[in-house]
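Structure first, then comments.
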Amino acid sequence: MGSKNKLKRFKENETFTNVIQPSREDVMAGFEYKGKWASFFGNNNPIVLELGCGKGEYTVGLAQINPDKNHIGIDIKGARFWRGAKTALEENMDNVAFLRSQIELVDHLFAEGEVSEIWITFPDPQIKYKRTKHRMTNPEFLERYKKILVPGGLINLKTDSEYMHGYTLGLLQGLGHEIVYSNHDVYKNEGAPQEVLGIQTFYENQYLEKGKSITYIQFRIN
Ligand SMILES: C[S@@+](CC[C@H](N)C(=O)[O-])C[C@H]1O[C@@H](n2cnc3c(N)ncnc32)[C@H](O)[C@@H]1O
């Protein structure tokens, strides 16, 4: 099925109670769940975000490992995450939601300190200088993440891109943020949290097939 057909099916033929698709205008005017995610999930469990979740494998995988946390995958392309949303509904996972929105709006989607942890999985490294503003670990994005995270909240970056890995490490060191853990090959190095790092996404599988190493950084913003 082509992606256009998938989107059509996603939009018209199925009811996804775990998907929220607010318009940018609605978000900017005051998003209904900002500060009220506990009412969406019906509990006060910690909230874990996956930014640029694609098909949602990490969001669903983390939610299976941590049923006592609520997991929200965010992506601008809803046609991708319908798969994860469907899996979560079929498996009666009430700790999963997907949000179709821009990551740039994350501090309008969540209140200060409302999020306990963030995962950034295989973001486009945006290597060209003029694309720096779109790089998901640039200083502007880090400030947005800091706003919505609980004090000491963890951020995890998993990427095949040596460029993205090096850029982020350099930036964190330069800005004096805390690097909790870092390695160049999550499947060879010991000490990484293996169970959660073993979740593999669509993009990760493509990179692994090409023989690329998968790198990981876990950090805190001071
Ligand atoms: C390279 S894909 C990785 C997808 C998934 N994490 C994986 O590993 O398979 C990057 C994803 O980030 C999403 N994305 C990129 N920039 C975004 C933004 N500014 N706001 C929301 N989603 C974005 C894209 O739509 C895409 O699904």
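Glycine too: its Cβ is placed from the backbone N, Cα and C atoms.
Residues K128, T201, F202, Y203, E204 are recorded by TrEMBL as substrate binders, and the candidate that the same record lists for that site, out of D107, D160, D185, is D160. Per TrEMBL, the candidate among D75, D94 that belongs to the S-adenosyl-L-methionine site alongside E50, D124 is D75. Annotated pair D160 (substrate binding site) and D75 (S-adenosyl-L-methionine binding site), C-alpha to C-alpha distance, rounded: 19 Å.
In the vicinity of ligand 1, defined as a Cβ distance under 6 Å, the following of the binding-site residues E50, D124, D160, T201, Y203 are placed: D124, T201, Y203. In sequence order, G54, T121, F122, D160 make up the list of same-chain residues 6 or more apart from Y203 (substrate binding site) whose Cβ falls under 8 Å from its Cβ. Using the Cβ center of E50, D75, D124 for S-adenosyl-L-methionine, the list of other same-chain residues with Cβ within 8 Å runs, in sequence order, L51, G52, C53, G54, G73, I74, I103, I120, T121, F122, P123. Across the structure, D124 (S-adenosyl-L-methionine binding site) and E204 (substrate binding site) are spaced 12 Å apart at their Cα atoms. F202 (substrate binding site) sits 14 Å from E50 (S-adenosyl-L-methionine binding site), taking the Cα positions as reference.
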